[in-house]
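Lifted from TrEMBL, the feature list:
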type: COMPBIAS; residues: 44-63; note: compositional bias 'Basic residues'
type: COMPBIAS; residues: 66-90; note: compositional bias 'Acidic residues'
type: COMPBIAS; residues: 91-102; note: compositional bias 'Basic and acidic residues'
type: REGION; residues: 39-102; note: region 'Disordered'
């Protein structure tokens, strides 16, 4: 797959000739047009970029999973605390009932 950095139309006309000739006096505009329109990103660069992108996605996904696990653990702890409080209240009521009983 080739990716074009500049369209060939950009190098046609009177405006591009002075601009290009100022930057590259040894090259003709047509030669520069050919070079720039046939450039392709190196496979190595693309591969590294893709690898970095995948690593970032993995880190983001892993971080999100860890946060979800932490939230679940917190919810479980809260539920356990509530259950313990309810059990303590029930025990307190039973003791009072036993004292006030027969």
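Keep in mind that glycine also has a Cβ here, set from the backbone N, Cα and C atoms.
No curator has checked TrEMBL annotations; they are predicted automatically.
Secondary structure of the compositional bias 'Basic residues' (44-63) per DSSP, as helix, strand and coil residue counts: 20 helix, 0 strand, 0 coil. Each residue of the compositional bias 'Acidic residues' (66-90) gets a DSSP state, and the totals for helix, strand and coil are 25 helix, 0 strand, 0 coil.
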